[in-house]
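Marked as active site, proton acceptor by Swiss-Prot on the basis of sequence analysis: D164. The annotation S-methyl-5'-thioadenosine binding site is assigned in Swiss-Prot to Q36, D111, D143, G144 on the grounds of sequence analysis. Here Swiss-Prot flags H67, E91 as spermidine binding site. Positions annotated as domain 'PABS' by Swiss-Prot, on the basis of sequence analysis: 5-245.
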Amino acid sequence: MKKVPGPIVLVEPLSGNTSLLIKVNEVLAVRRSRYQEIMVVETEDYGRALILDDYIQSSYYDEAFYHESLVHPAMVTHPAPRDVLILGGGEGATLREVLKHPTVEKAVMVDIDGDVVELSKRFLPQMHQGAFDSPRAEVVIEDGFVYVKRALEEGRKFDVVIMDLTDPYSSEIAKQLYTAEFINQIMKLLRGDGIMVTQAGNSFYFPEAYDMVLSAVKANFPVVAEYNVWIPSFGYAVNYILGSLKYDPRALPAEEVDKRLADRGVKTRFYTGRAHVALMNMPVYRRLR
């Protein structure tokens with residue numbers, strides 16, 4: 001955050017050479033946790049936003065684009081997801097979207113930073129919408145790497161695993177969770193028809209990091225789908241990579257997606273059958289040299 005003549009301006013780096021300038025009307029909270037600097041601010045164009053180490057993680061006006069695109073392609077592709085694991089997602093919006101599916105019996109959300117969860121509960125009610133208090137939710141404050149290792153030792157199984165972590169290039173916290181070795185552990189946590197999905201940053205500005213994550217997923221899953229969606233407050237299209245042991249999200253027609261959403265009573269603001277098909281058919285943005 002920089003103070004310049006006039007308004008407060010957040011200078012968010014998109015790459016080492018490009019930044020996005022965001023006008024901030026009010027700083028609601030600032031805290032340095034054990035892991036990162038956390039801010040909750042009111043912005044002019046994006047509403048209330050969560051910022052970690054100068055990177056916007058979510059904002060009120062466009063978070064549905066990000067969270068619905070992260071959660072629902074995997075959840076809808078699986079015919080009956082009962083047990084779901086979320087790694088990251090401290091603001092609670094990913095948990096909120098998962099719990100929209102009545103098939104879910106237990107959603108476990110694991111975040112390393114309890115301060116993010118605490119501040120989100122207090123300052124970001126529109127994000128979590130009470131999801132933290134659901135009897136179907138279990139919130140664990142722990143390193144995801146440690147949790148997954150223990151879950152494997154205990155024989156836990158999940159139908160869907162969602163990785164809603166900081167970018168592989170923006171923070172040291174999550175880097176070990178994007179390796180092929182860790183993705184292999186995720187695969188072993190899944191039931192035989194399980195699905196995992198991860199956000200993978202931006203393929204245009206950080207192609208090497210994106211390809212690292214893509215290779216890690218391809219090394220462990222027979223079905224891999226890449227897709228992306230434009231997030232205005234990020235200043236770029238965020239990439240997602242889905243790995244499946246059985247079901248292919250690209251095989252679902254729009255009508256079937258809409259039917260599954262309707263049958264489950266899932267209400268969305270962005271994700272629909274048409275959006276699903278569009279996401280699965282979009283090219284990946286890469287630099288054209």
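Cβ atoms are placed via backbone N, Cα and C, with glycine included.
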For this session: Identify which of the recorded positions E91, D111, D164 has its Cβ surrounded by the largest number of other Cβ atoms within 10 Å, counting every protein chain shown.
Result: E91
For this session: Sort out for me which one of Q36, H67, D143 has the most neighbouring CB atoms within 10 A, since those are the binding-site residues we care about.
Result: H67
Problem set entry | Check: same-chain CB within 8 A of S-methyl-5'-thioadenosine site center, minus Q36, D111, D143, G144 | Y35, L87, G88, G90, V110, I112, D113, E142, L165, I173, A174
Problem set entry | Within 10 angstroms of H67 (spermidine binding site), Cα basis - recorded positions out of Q36, D111, D143, G144, D164 | D164
Exercise. Could you give the maximum C-alpha to C-alpha distance in Å for the residues Q36, D111, D143, G144 that bind S-methyl-5'-thioadenosine per the record?
Worked result: 16
Seminar exercise, completed: The number of other Cβ atoms within 10 Å of the Cβ of G144 (S-methyl-5'-thioadenosine binding site), counted over all protein chains shown, is 23
Problem set entry | Inter-residue Cα distance where the pair is D111 (S-methyl-5'-thioadenosine binding site) and E91 (spermidine binding site), in Å | 10
For this session: Take every residue in the domain 'PABS' (5-245), average their pLDDT values, and give the whole-number result.
Result: 96
